[in-house]
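Worksheet for the structure shown next.
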Amino acid sequence: MHRGKGMKFVGDSRIPATGRKPNIPKDYSEYPGKTEAFWPNFLLKEWMVGAVFLVGYLCLTVAHPSPLERIADPTDTAYIPLPDWYFLFLYQLLKYTYASGPYNIIGALVIPGLAFGALLLAPFIDRGPERRPAKRPFAVGFMLLALSGIVYLTWQSAAHHDWEASKKQGAIIEGAEFDKESEGYQLLDANGCISCHGAELTGGAAAPSLVDTGLTPEEIANIAVKGRGGMPAGMFKGSDEELEKLAEFVSSLTAK
Amino acid sequence: MLTKIYDWVDERLDITPLWRDIADHEVPEHVNPAHHFSAFVYCFGGLTFFITVIQILSGMFLTMYYVPDIKNAWESVYYLQNEVAFGQIVRGMHHWGASLVIVMMFLHTLRVFFQGAYKKPRELNWIVGVLIFFIMLALGLTGYLLPWDMKALFATKVTLTIVDSVPLIGPAMKTLIAGDATIVGAQTLTRFFAIHVFFLPAALFALLAAHFLMIRKQGISGPL
Amino acid sequence: MSKRNVSRRQFLNYTLTGVGGFMAAGMLMPMVRFAVDPVLAGGSESDFVATKQKIKDLSTEPTRVDFSFTQVDGWYESEVTNTAWVYKTKDGKIVALSPICKHLGCTVDWGGDKEHPEQFFCPCHYGRYTKDGMNVKGTPPISPLDVFTTKEKDGILYLGQRKPHGEA
């Protein structure tokens, strides 16, 4: 606080009434060498980069709508999950023998913990005064090792993932409107159909949708008993009368 | 007119010293891409901040339509993306921005690392930066669940199982994050929403403020 | 330390810290207790749930048995269908295994891997379990599949709580 004889303030505040600093930028001659003022000289360059970036970014959002899979259905037990791409390397790590099973702790905690811990404490591990990469081989070496590890694991994970199946298992499917209290649905529930075909009967990773099958009741009854494709025979365990009701119900399902 | 408003405020609050300090500080030649093209590596930090600003704004606007409820979350996301004008762009900005911010921050981290710019006296700023990195990853993780679609639910189940496998405190931590010992459901979604929208951004703001204050105080590291 | 060493300034500093601590504790304690409630709330014992599976239809080959029950998730109640793999051992004991992989919580399938048709298989990280639910050494899972307690009533299979292997 400036306090002294003869000082004047704005009202009863602490802001001096006289000797205010004029709002005049420093003259360009005051910048030594090739340095320049932050505002507006340097910021303009930054913002030009930002503007170009923004255009690309907006084009991306227009060209690629954000993905949205179908609504979460905990009953679909065949879904194979995948984390966001920047966690893939951690996910892949857990597939290896020495990072899983009895060594799960190593893969899930010790390796990531060491890596991120070292990153956090890098200034205290790499303490020499040298800044040039060539003069600090260990720090740079470990970082390059970690980087190639991350790239390799991410690539491995992406290469081994069945993207086709992944796309199919999450696709939004037109549902049908039906009464869950109806006898047909109750029979589907009773025979375990919904565990593969889903509670909304729109299918999942393990089974196709039951909506819009275009099949006759007879054909559906036949599949329910004898199976088809990945569906084993003998899934239906009820009476013939129930089979008929179930088949007619499924046959009548059409998208809204 | 603007000058008059500025003068009016300055007379009462004496803001000129603060403003001139920010505006007139010298930017050295070696970070200026106009002098050395290779100086573009210094842009990554600024771009990270730019995307962060976009993330904050688009996130604020997304909550105008979004509800964190397992019955309506997916429906609301579907609606805002497909029915609301520019919904695809606003959600797209938030969705792709989440990936881009990780990319930019990663590049920024590598720039600082390979230049050894974290060395004395900038150790603290490096630590704050790595903490920001962790917060961003946590934001990505919690945001992934919010649309409540298939990949969100099942990826979160995997995350929670990993948390569960931590010795001793794992199960308690999992319950704390998920809101229920066994179910990943209504309480998990509201928790992740609260963490994603209030807790983590609050921490992020504090760390960003510290990051920038330290840069202003210490200045940018010199050329190699 | 004699009293005289505490200066007026120090005393005020201590008091300030104390009052600050009290305010922080008073503010945060209800909130923290509020947040950790799910951790401290004990799990409720679930009852036996009837399945549609007739005991006499069970064989020594694991069959997929679905069963529904009302799940209470906070304020949200829903009808949930869970799955178990059930079979009879040679001496007639009924074994009901949970299909949730002990590695990362994906779902295992009986004979899901063509090279190991007589094992449970998890497609996420290729975890395998033998028929009795024991994890195969060298695959990611670290413990055997959970087991449901079972009960027979009127020839129908009832499934109870899911428990770690060896406790049911």
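One-based numbering along the chain as shown.
Even glycines carry a Cβ here, placed using N, Cα and C.
It should be emphasised that the depicted structure is a prediction, and the values quoted were computed from it without experimental measurement.
Some features that TrEMBL has for this protein:
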- A:28-155: domain 'Cytochrome b/b6 C-terminal region profile' (DOMAIN)
- A:47-65: transmembrane segment (TRANSMEM)
- A:106-125: transmembrane segment (TRANSMEM)
- A:137-155: transmembrane segment (TRANSMEM)
- A:179-254: domain 'Cytochrome c' (DOMAIN)
- A:Cys193, A:Cys196, A:His197: heme c binding site (BINDING)
Per-state residue totals over the domain 'Cytochrome c' (A:179-254) - DSSP helix, strand, coil: 34 helix, 2 strand, 40 coil
Cβ contacts under 8 Å made by the transmembrane segment (A:106-125) with residues that lie 6+ beyond its boundaries: 90, 93-94, 96, 98-100, 139, 142, 146
For the domain 'Cytochrome c' (A:179-254), mean pLDDT (0 to 100): 77
